[in-house]
Amino acid sequence: MVLTPTKDGPDQESMPLPADNGESPSKQQAPVNRDEMHYLDLLRHIIANGEQRMDRTEVGTLSVFGSQMRFDMRNSFPLLTTKRVFFRAVAEELLWFVAGKTDAKLLQAKNVHIWDGNSSREFLDKMGFTGRAVGDLGPVYGFQWRHFGAQYGTCDDDYSGKGIDQLRQVIDTIRNNPSDRRIIMSAWNPLDIPKMALPPCHCLAQFYVSEKRGELSCQLYQRSADMGLGVPFNIASYALLTHMIAHVTGLKPGDFVHTMGDTHVYLNHVEPLKEQLERTPRPFPKLIIKRQVQDIEDFRFEDFQIVDYNPHPKIQMDMAV
């Protein structure tokens with residue numbers, strides 16, 4: 001089903017007009033993006049009340065434990081507006097996951113560099129992977145989604161038909177047993193954690209079908225949530241994944257629920273985020289899938305169109321490696 005943008009949605013309600021005072025009619029105020037306000041409120045809470053902790057990267061964080069946000073995807077797409085989010089990188093990384101790939105060089109070839117720091121020679125050697133080729137991240141997200149339980153060799157090996165294809169199982173269950181409470185996809189595999197350049201931060205997704213409304217919703221559990229850089233990407237990524245699965249199963253997107261464990265702000269992100277907190281959220285854009293796609297593996301970046309995206313400028317934040 002090809003999604004067509006609609007005008008308004010419950011996540012972007014219009015502010016009430018002021019009472020008539022006999023003067024010229026008041027102009028309607030801009031919509032309020034309540035979903036993004038919840039993200040900003042969580043940032044404020046962490047900066048004001050978070051516990052200062054040292055972490056793996058030695059940068060240090062302000063951290064709280066156990067947070068949740070909810071995004072309504074029925075009439076808009078949750079791409080944050082208080083800073084520009086690089087949607088092409090979000091989409092290309094997700095398509096890389098869906099393809100079961102673990103070679104960061106494939107993303108580099110598309111000018112997407114979000115995995116460069118964790119796949120460099122220096123980083124791999126530091127993590128003890130001295131015999132692993134540059135770019136080979138080990139059995140990370142895509143491998144677990146498509147080949148859970150298979151024996152990992154290198155990023156260049158052919159894993160066709162090996163392991164459990166969790167993504168395919170999710171789609172088949174949505175089609176054939178939509179009320180199942182076990183529509184789950186996990187990237188957390190304790191046997192493979194020691195082989196990964198970086199253990200999965202976003203660990204487990206559960207999908208929920210409302211047959212009454214014909215909607216697909218997703219809840220993500222994320223063990224480690226970098227609110228400045230990672231979380232805006234993760235929101236958009238799992239929202240896009242839900243749209244894609246809904247599209248190939250004949251459903252409409254519903255809610256994306258984002259549940260987080262260690263929810264943190266890196267200390268070197270505090271000042272940039274204070275700048276972001278001074279900005280007023282704008283309405284979320286819409287996502288259009290431009291053609292009918294039958295199989296999840298057939299999506300290409302060119303199939304996605306983001307419309308009416310009017311974000312504030314980019315804010316520079318350094319990635320903690």
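Quick reminder: no glycine exception, Cβ is built from N, Cα and C everywhere.
Here Swiss-Prot flags 1-32 as region 'Disordered'.
If you look up Swiss-Prot, you'll see Ser24 (among others) marked as phosphoserine, on the strength of experimental evidence.
Residues or ranges marked as phosphoserine in Swiss-Prot: Ser26 (among others).
Here Swiss-Prot flags Tyr39 (among others) as phosphotyrosine. Neighbour list (Tyr39 (phosphotyrosine), Cβ cut-off 8 Å, at least 6 residues apart, same chain): Met69, Leu80, Met227, Val231, Pro232, Ile235.
Annotation comment: Swiss-Prot describes Arg56, Arg181, Arg182, Arg223, Ser224, Ala225, Asp226, Asn234, His264, Val265, Tyr266 as dUMP binding site, evidence class similarity to another entry. In the three-state DSSP scheme, His264 (dUMP binding site) falls into the strand class. Sequence-distant neighbours of His264 (dUMP binding site) (same chain, 6+ residues apart, CB-CB distance under 8 A): Ile46, Gly50, Arg53, Asp55, Thr61, Leu62, Ser63, Val64, Ser224, Ala225, Asp226, Met227.
Residues near Cys201 (active site, nucleophile) in space but far in sequence (CB under 8 A, at least 6 apart, same chain), listed by position: Gln222, Arg223, Ser224, Ala225, Asp226, Gly230, Asn234. Residues or ranges marked as active site, nucleophile by Swiss-Prot: Cys201.
Taken from Swiss-Prot, the feature phosphotyrosine covers Tyr208 (among others). Cβ neighbours within 10 Å of Tyr208 (phosphotyrosine), excluding its own Cβ and spanning all shown chains: 18.
As annotated by Swiss-Prot, phosphoserine applies to Ser210 (among others), with the evidence given as experimental evidence. Within the same chain, residues at least 6 positions away in sequence whose Cβ sits under 8 Å from that of Ser210 (phosphoserine) are Leu216, Ser217, Gly254.
For Asp226, Ala320, the entry in Swiss-Prot reads (6R)-5,10-methylene-5,6,7,8-tetrahydrofolate binding site, with the evidence type similarity to another entry. When secondary structure is read from DSSP and collapsed to three states, Asp226 (dUMP binding site) falls in the strand class. The Cβ of Asp226 (dUMP binding site) has 24 other Cβ atoms within 10 Å, all protein chains considered.
Around the Cβ of Ala320 ((6R)-5,10-methylene-5,6,7,8-tetrahydrofolate binding site), 20 further Cβ atoms fall within 10 Å across all displayed protein chains.
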